[in-house]
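> My questions will all concern the structure given below.
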Amino acid sequence: MASGNLTHLTEFILRGVSDRPDLQMPLFFVFLAIYGLTVAGNLGIITLTSVDSQLQTPMYFFLRHLAVINLGDSTVIAPKMLVNFLVSKKTISYYGCAAQLGGFLVFIVGEIFMLAAMAYDRYVAICNPLLYMVVVSPQICLLLVSLTYLYSLTTALTVSCCVFSVSYCSSNVINHFYCDTVPLLALSCSDTYIPETAVFTSAGTNLFFSMIIVLTSYFHIVLAILRIRSSEGRRKAFSTCASHMMAVTVFYGTILFMYLQPRTNHSLDTDKMASVFYTLVIPMLNPLIYSLRNKDVKDAFKRFLKSPCQAFKLM
């Protein structure tokens with residue numbers, strides 16, 4: 001159904017990454033490979049940080065939950081996207097679209113604040129190492145993660161309700177590969193001032209506060225590292241946060257690219273390309289970033305391969 005009031009609308013049509021028929025199968029295999037690597041990598045991180053006794057620290061506790069979030073984010077989007085590459089009618093039900101938007105918001109907001117929590121963890125580890133296990137205790141870690149999930153869920157419900165409170169009467173074709181706030185609101189024929197304000201205020205506030213936490217943490221980390229006299233000590237201190245710095249740079253760089261574009265150059269097609277990166281590519285890259293540059297994770301993987309049964313018995 002291509003038109004009508006929101007109360008009568010039963011489905012949307014997702015245009016996808018590309019309209020070209022000759023690209024559907026190649027794109028299917030590309031994104032199938034990306035999703036397969038994402039699932040394998042993040043399940044690997046979740047498994048290793050759960051079963052290996054030497055990875056039972058706050059840093060790996062947060063990393064495990066980042067992997068859960070990355071896996072959830074890509075799983076909300078990739079399966080439906082892959083199916084749509086293989087069918088001619090790329091539809092998604094009204095409630096399916098609402099659920100996908102809600103799921104996406106839960107995980108993307110969760111990732112923003114999980115990265116902030118991880119930056120705070122690195123700040124305490126480097127700037128206050130003697131108090132590390134007191135300041136970042138298991139109870140504090142659990143509290144930070146629980147608050148992140150609770151806030152993400154609250155934000156997702158609020159923003160989703162705002163987006164789905166408007167009417168659609170011109171088209172139900174979404175210029176995107178999943179249900180996102182901006183392309184959905186672009187279809188509305190009713191006043192979108194309130195939902196648009198809610199969407200951009202929420203996004204801006206979340207980005208601002210999380211970046212303040214990350215930048216403040218790394219400002220103090222850099223100062224602490226520069227005060228270390230030995231080059232070996234500086235190298236060791238830097239190596240403990242290098243992976244997180246790389247992950248933060250890639251994630252926030254992509255988000256800021258979207259939000260800081262000049263209005264005249266901004267387009268939904270540009271948003272689509274950026275969205276591919278932070279919903280599908282970054283969740284695939286994070287396990288590689290945190291494992292290839294991390295000796296503890298690589299050693300844990302070797303121990304797991306030697307005796308997987310023993311590892312599961314220790315859980």
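The backbone N, Cα and C atoms fix where each Cβ goes, glycine too.
Curation plays no part in TrEMBL annotations; they are all automatic predictions.
Keep in mind that what you see is a predicted model, and the values were worked out from it rather than measured.
Feature list, courtesy of TrEMBL:
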- 27-49: transmembrane segment (TRANSMEM)
- 41-290: domain 'G-protein coupled receptors family 1 profile' (DOMAIN)
- 61-86: transmembrane segment (TRANSMEM)
- 92-118: transmembrane segment (TRANSMEM)
- 130-151: transmembrane segment (TRANSMEM)
- 207-226: transmembrane segment (TRANSMEM)
- 238-261: transmembrane segment (TRANSMEM)
- 273-292: transmembrane segment (TRANSMEM)
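Situate these features within the shown structure.
Away from its own ends, the transmembrane segment (27-49) comes close to residues 17-18, 55, 60-61, 63-64, 67-68, 70-71, 74-75, 78-79, 81-82, 85-86, 280-281, 283-284, 286-288, 290-291, 297, 300-301, 304 of its chain (Cβ-Cβ under 8 Å, at least six residues beyond either end).
Across the domain 'G-protein coupled receptors family 1 profile' (41-290), the model assigns an average pLDDT of 90.
Under 8 Å from some Cβ of the transmembrane segment (61-86) lie the Cβ atoms of residues 14, 16-17, 24-25, 27-28, 31-32, 34-35, 38-39, 41-43, 45-46, 49-50, 92, 96, 100, 103-104, 106-108, 110-111, 114-115, 117-118, 121, 138, 141, 144-145, 148, 177-178, 279-280, 282-284, 286-287, 290, all in the same chain and six or more residues away from its ends.
Within its own chain, the transmembrane segment (130-151) is flanked in space by residues 58, 61-62, 65, 106, 109-110, 113-114, 117, 120-121, 124, which lie at least six positions past its ends and keep a Cβ under 8 Å from the stretch.
Only residues 6 or more beyond the boundaries of the transmembrane segment (273-292), in the same chain, are considered here, and those with a CB under 8 A from a CB of the stretch are 17, 31, 34-35, 37-38, 41-42, 44-45, 63, 66-67, 70-71, 73-74, 77-78, 104, 108, 176-178, 180, 243, 246-247, 250-251, 254-255, 257-258, 298, 301.
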> Do any residues, 6 or more residues outside the transmembrane segment (238-261), come within under 8 Å Cβ-to-Cβ of it, and if so which ones?
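Answer is 111, 115, 118-119, 122, 125-126, 203-204, 207, 211, 214, 218, 221, 225, 270-271, 274, 277-278, 282, 285-286, 289-290, 293-294.
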